[in-house]
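To start, the structure under review is shown below, and the notes come after it.
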């Protein structure tokens, strides 16, 4: 993983996030809160473990993992998922599986920004973060 991912990132733009949350099955009240949130993402590494902490007024979440090893994750919308993060062509690709469903989250560095694509049932959400 490139050390360029490491650091603190602030959301600057978001497209189709409400549609993505609908595809995940998130209820209206939580979607409204999610749409208002402007999260900060902190990515750090200690040894073989990568930690991604997401902080917002809505909720804070944190995952720690080794690349290529499945782990249990409780998502911001309280889904209990089995997740795995791999390095794919310079991007961090995360796959969450729960209740027979699956979503993919791809984090890519582009022009000094972190572009996060979230894909579920044909819905593609793009969220762009700038380093703080």
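We number each residue from 1, going along the chain as drawn.
In case you wondered, yes, glycine gets a Cβ from its N, Cα and C as well.
Note that the structure is a prediction, hence the values are computed from the model and not measured.
Other Cβ atoms within 10 Å of the Cβ of residue 2 (N-acetylserine), summed over all protein chains shown, number 10. Summarising the annotation, Swiss-Prot assigns N-acetylserine to 2 and lists similarity to another entry as the type of evidence.
Positions annotated as (9Z)-octadecenoate binding site by Swiss-Prot: 107, 127, 128, 129. Taking Cβ-Cβ distances under 8 Å and a sequence gap of 6 or more within the same chain, the neighbours of residue 128 ((9Z)-octadecenoate binding site) are 11, 12, 13, 14, 113, 114, 115, 116. In the three-state DSSP scheme, residue 128 ((9Z)-octadecenoate binding site) is classed as strand.
Taken from Swiss-Prot, the feature hexadecanoate binding site covers 107, 127, 128, 129.
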Query = Roughly how wide, in whole Å, is the group 107, 127, 128, 129 that binds (9Z)-octadecenoate, by largest Cα to Cα distance?
reply = 10
Secondary structure of residue 107 ((9Z)-octadecenoate binding site) (DSSP, helix/strand/coil) = strand
Message = Using the CB centroid of 107, 127, 128, 129 as the (9Z)-octadecenoate site centre, which other residues of the same chain sit with their CB within 8 A?
response = 9, 11, 41, 113, 114, 115, 116, 126
